[in-house]
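Data block below; observations after.
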Amino acid sequence: MANEIMFKSKFTIYVGACWILAAFGGLMFGYDIGISGGVTAMDDFLIKFFPKVHERKLHAKENNYCKYDDQLLQLFTSSLYLAALVASFFASKACTKLGRKLTILMASAFFLAGAGFSAGAEHKWMLILGRILFGIGVGFGNEAVPVFLSEIAPVQHRGAVNILFQLFVTIGIFIANLVNYNTSRMHPNGWRMSLGLAAVPGLVLFFGSMILTETPASLIERGKDAQGKAALKKIRGVDDVDNEYEEIKRACEIAKQVKQPFKKLMKRPSRPPLIIGIALQVFQQLTGINAIMFYAPVLFQTMGFKNNASLLSAVITGSVNVASTFVSIIAVDKIGRRKLLLQACVQMIIAQTAIGGILVHYLKTTGSLNHALATVVVILGVPIDSIVERVWKQHPVWKGFMDDDDHGSKIQEIA
């Protein structure tokens, strides 16, 4: 759609507020990623729900790799992501049938319910239920927010606005690490504060979603053409939106004509970008950085850090995560996607190989690393893949694949 660059628009305070409020869906997700690892490292939490794990943690001669070997404790962390996976299938339909705005509202409602159950938990089942509700909220939010941001942003700002979601994810992780560091000293209910504060971004998104406008593409694809045009005028800040309106309407009509989307997706012309996009996503996740982000405090405790020091180390990794995101935003267009991606991959290979070598050679089944080696691991363990993740999502092959039918017919329709 080459003529998109001629579409008229101007930045308004309202549309900027919509970008920020919607991006709080990313902050909710990031907070959940960062909070669970710190909570599971808190003694008060373990004493109340997992006393056997706490006993093993105190035994100096206990196997380092078995201290946190408890299925229910792992379920506490992983249930969120399992619930998000299942919820995403329903969220896709909700996003199409009910609209982006209502789906975001539903995400925040689930998140608030999860915060309530988690913070007030007295039994393990309440903890798990709270995490499941969190997961449903994450599934709905991660489905609707990126689509909302993409559809509401003018073409010339779409790349930067799309990265807002990822930026807020990293900020959420950083905030969670700071919260854990401070609440770990609030005995005996600091863990309740950590889990309960998840309600703050949930409340912002809940009330914010009430003032968000529905996206023009969502309204038009549901047959509400007049409302769609009015919404387009509101977010563009100009009255002359006829060209963009017609383009959105045409894209929605084309999308409705696709009867077998999966079959079309498997055709030869679609295979290269599909394979590249999936491979980049899969390998970015398989680097193992998620283990560091989810369990950073636990990992640092295993290496010999005390409780507060391990949480502070997690704060360091979270701050570098945020900084790396800003680096990717600034550098991606100046240096180029390919060069930045390759450079980041080389950094990751060096850092993770060094970490693996240190842990294999020096961290035995008992004992811990000395202070110098543990510090080296923290430095090497900062999430370099923050750059990788932001860069590959802006790669022209993948980005082109995602943007081909950017208004209404998106990959969302295919999935």
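Each residue, glycine too, has its Cβ placed from N, Cα and C.
Any TrEMBL annotation is an automated prediction that lacks curation.
Copied over from TrEMBL:
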- 12-31: transmembrane segment (TRANSMEM)
- 18-415: domain 'Major facilitator superfamily (MFS) profile' (DOMAIN)
- 72-90: transmembrane segment (TRANSMEM)
- 102-119: transmembrane segment (TRANSMEM)
- 125-149: transmembrane segment (TRANSMEM)
- 161-179: transmembrane segment (TRANSMEM)
- 191-212: transmembrane segment (TRANSMEM)
- 274-298: transmembrane segment (TRANSMEM)
- 310-332: transmembrane segment (TRANSMEM)
- 344-363: transmembrane segment (TRANSMEM)
- 369-388: transmembrane segment (TRANSMEM)
In terms of Cβ proximity under 8 Å, which residues at least six beyond the ends of the transmembrane segment (72-90) contact it?
32, 36-37, 40, 49-50, 53, 124, 127-128, 131-136, 138-140, 142-143, 294-295
Which range wins on Cβ pairs under 8 Å with the transmembrane segment (125-149): 102-119, 161-179, 344-363?
102-119
Distant-in-sequence neighbours of the transmembrane segment (102-119), which means Cβ under 8 A and at least six residues beyond its ends:
22, 25, 28, 91, 94-95, 126-127, 129-141, 143-145, 148, 192-193, 195-199, 201-203, 205-206, 209-210, 212
Which whole-number mean pLDDT does the model give the domain 'Major facilitator superfamily (MFS) profile' (18-415)?
79
Taking residues 6+ outside the transmembrane segment (191-212), which of them lie with a CB under 8 Å of any CB in it?
17-18, 21-22, 24-25, 27-28, 31-32, 35, 38-39, 42, 44-45, 101, 104-105, 107-109, 111-112, 114-116, 118-121, 130, 134, 137, 141, 148, 172, 176, 179-180, 183
